[in-house]
Amino acid sequence: MKHWLSKNLIRIYAAAAIFYILLPILYTVAFSFNDADKRNIVWQGFTLSAWLNPCEPIGICEALGNSFKVGITATIASTILGTMIAFALGRYNFRGRATTNLLIFLPMATPEVVLGASLLSMFINIQIGAGLVPVIIAHIMFCISFVVVTVKARVASLDPKLEEAARDLYANEWETFRRVTFPLVAPGIAAAALLAFALSFDDFIITNFNSGTLNTFPEYVWTASLRGVPPQANVIGTLMFVIALAIVFAGQVISKRRQTRR
Amino acid sequence: MSIAHTSSSEKVFAPAKKSHRTAYLLLAPGLVWLLIFFAFPLLNLAETSTKTPAPSFETGEFVQTFRFANFIDSFSANQEQFFRSFFYALCATVLALAISYPLAYAIAFRSGVWKNFMLVMVIAPFFTSFLLRTLAWKQILGAEGPVVSVLQFLRILPADATITATAFSVIMGLTYNFLPFMTLPIYASLDRIDYRLLEASGDLYANSATTFRKVTLPLSMPGVVAGTLLTFIPASGDYINAQLLGSPGNFMIGNVINSRFFRVVDYPTAASLSFILMASILVLIVIYIRRAGTDELV
């Protein structure tokens, strides 16, 4: 018994740590079924009413829609811009590498309050009102660095011999990229896009500085938390969690299939 | 700091091509975006930080007077929140490291077929809203939550005591919310370790503790450095945890900057505080990286 315990201590620890990580998520899921109106803090009993009427609280679905608008636009733009930078860094030797790396690293090393405050200062100075466009601009900005880091890792793990082989077989530069390079880097780009969407969808601090009267889902939750968050917010949180989990597991199944086919 | 890099078997190839033109064409759009919407706003922040209220004393109206004393004034007025921010962030970073290292070790070396599942569980918090998670902790640690009830039942806590609205719950929240940023880089660097090195150490009669101290730990240092920075930086600027899990007595510098911008409409003070925060973080990073001896950042 003692031997078994000492051998498996680290596994037991890992299970406990994962329970700790999941605990507030389980709470969020459980309280989406709570029979409470606004003060969704104490368990009152099971109900499906929040799930059946997710848009009931005023403004919640509008805020969700805004989050999707911002998230999708920011994901597409930052994935394109970031992937281009990642290819340049991973594939080319050029002057100014160190400066480029610094410019990519700094936004990640700057606290969100500072990013939000500096953007707001600029928008005030050039007299552009806060709202949807400034929020999208800000989200693209902070997502780029994370896309670069994610895609660069994938580009760097790509054997240049595969591209040489394509050229030996008379593929031109564009064909090589389309038929060889891009399919190999695609999983990295997909992961980067998911990360960008998750970062954008969940951002509160930078958004709050630049949104003005626009409400995103995190901003809705923040405002609601002063009076009491309705269970519908938990419904949306739970749905997003399940969808994200499904995408990740589907991605793992696909990459496993690819590996066995190879 | 490549968080996403998870597979150990992949080789890394150095960039080879030398076509400057293509490289610059690829870089230009993204870098221009960062220059306009990251670097230029910082200049605006710097410019705002030395302004003073307009003679008309209208709310939100300021004129440039190059008053550098703004920095001294705003720092000395908010010293307490500055030191508290760095103290809380330090506590959260140390706690997150203590929780994450064994977890990352277990995933890298002892998880078997559960490896991918456990990695997904580590990043699971990213899939739910940051605010909802923090509010859930407020519920769990709150007066009507299970933790307080159990502790009161066991007579560890007196009947009227609370856990929320204390430094403890703020640090707890910070630790929890930035845990994946600590676990993933440590896991990535542990996973890259060639297992034969650990076997070799055993063959040379090192016991498992010595192997850990002399081989595993030094090889995982890049992950520890990256994880520490990725936890400490956002934690020191955060104001959500202090706002939701703490009381005004636990407010951090982020809370001050936020309220200076929106409640008090005192842009110069908010801007100078932001600048001091950023500068002190950069200084700490440089010192820390020098000490830790790694310069591989991105």
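Cβ coordinates come from backbone N, Cα and C, glycine included.
Now, the feature entries from TrEMBL:
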type	residues	note
DOMAIN	A:64-251	domain 'ABC transmembrane type-1'
TRANSMEM	A:12-33	transmembrane segment
TRANSMEM	A:72-90	transmembrane segment
TRANSMEM	A:102-124	transmembrane segment
TRANSMEM	A:130-151	transmembrane segment
TRANSMEM	A:180-201	transmembrane segment
TRANSMEM	A:235-254	transmembrane segment
Near the transmembrane segment (A:72-90) in space but 6 or more residues beyond its ends, with Cβ under 8 Å, are 97, 100-101, 104, 136, 139-140, 143-148, 150-152, 154-156, 158, 185, 189, 192-193, 196-197, 200
Outside the transmembrane segment (A:130-151), at least 6 residues beyond either end, the same-chain residues with a Cβ under 8 Å of its Cβ set are 66, 69-71, 73-75, 77-79, 81-83, 85-87, 89-90, 104-105, 107-108, 112, 115-116, 119-120, 123, 185, 188-189, 191-193, 195-196, 199-200, 203, 206-207, 209-214, 216
How about the transmembrane segment (A:235-254) and the transmembrane segment (A:12-33): at least 3 CB pairs under 8 Å, pairs 6 or more apart in sequence, or not?
yes
